[in-house]
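Accompanying notes for the structure given below.
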């Protein structure tokens, strides 16, 4: 990313919640200015402007010749529709995970991006975290016997953020990135809607027959936390040390996206990333089906 492009890519941010606000901030960073030009944001709320960034309508964003790129930072349930509209309009798309709440829809959108000759990038900042880098180093070259990854947090609205296997897909992405493609053995969902409590328990198997449990547990009073326990043929790992603040992970993700815009990522790397994303979305879809069958 050394040479500046002849023309900067005009960007619109769709959705200005937590992720969208971070994207707006990062687009003003000097590192972004060489390649990206923030044109405005789209929001269902009437905000007028935010920190001197103007609000524009969805229709204007889709039509604008100034806008080359859309950052989709809205709630997960709306991702598919926004991605489709912006790709159809000939724009490149960066979307916060999960890109869709169904495997089939994701396949359609990849095909549309290829047909339009546009970049479709699903954000995965969890792979840029210091905790993941620690785990990756610890796991490298070791054979897993069994392990577990449990995540706890406060309740999340399924209607807006999807079934737990989709809203929690960053944890599944960790497991797949650490241990390779996984097979689904079983999945159960315990729900107490009156208490806003849910617990999803998934059993997975590595290609070397190592067993993995993935648990997503959400309810009032549950603090946001990850618990890991991996047993290897050569020792075990029972916690991830506190590594402090993960700095600039959204900016680093944006750097990867810009490399794709500039055609600086190899076809092999793009194919491997897409394969991992689709494997995780496929597992999430299968987990959802299995849990619904048992209801």
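Every residue gets a Cβ built from N, Cα and C, even glycine.
Over in Swiss-Prot, the protein carries these features:
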BINDING   18, 19, 76, 77, 78, 79, 97, 167  NAD(+) binding site
BINDING   279, 280, 291, 292  Zn(2+) binding site
MOD_RES   154  phosphoserine
MOD_RES   173  phosphothreonine
MOD_RES   177  phosphoserine
MOD_RES   247  N6-acetyllysine
MOD_RES   252  N6-acetyllysine
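DSSP assigns residue 79 (NAD(+) binding site) to a helix. The maximal spread of the NAD(+) binding site, taken as the longest Cα to Cα distance among 18, 19, 76, 77, 78, 79, 97, 167, is 16 Å. Closest by Cα distance to residue 19 (NAD(+) binding site), from the recorded positions 154, 177, 292, is 154. Among the binding-site residues listed (18, 78, 167, 279, 291), 279 has its Cα nearest to the Cα of residue 177 (phosphoserine).
Just so you know, the Cβ of residue 292 (Zn(2+) binding site) picks up 11 other Cβ atoms within 10 Å once every protein chain is counted.
For residue 279 (Zn(2+) binding site) paired with the residue listed as 'phosphothreonine', the C-alpha to C-alpha distance reads 9 Å. Recorded residues residue 292 (Zn(2+) binding site) and residue 167 (NAD(+) binding site) have their alpha carbons 16 Å apart, per Cα-Cα distance. Put simply, residue 79 (NAD(+) binding site) is 26 Å from residue 247 (N6-acetyllysine) when counted between their Cα atoms. Residues near residue 78 (NAD(+) binding site) in space but far in sequence (CB under 8 A, at least 6 apart, same chain), listed by position: 15. Taking Cβ-Cβ distances under 8 Å and a sequence separation of 6 or more, the neighbours of residue 173 (phosphothreonine) in its chain are 97, 124, 126, 127, 276, 280. Within the set of recorded positions 154, 252, 291, the entry lying nearest in space to residue 76 (NAD(+) binding site) is 154 (CA atoms).
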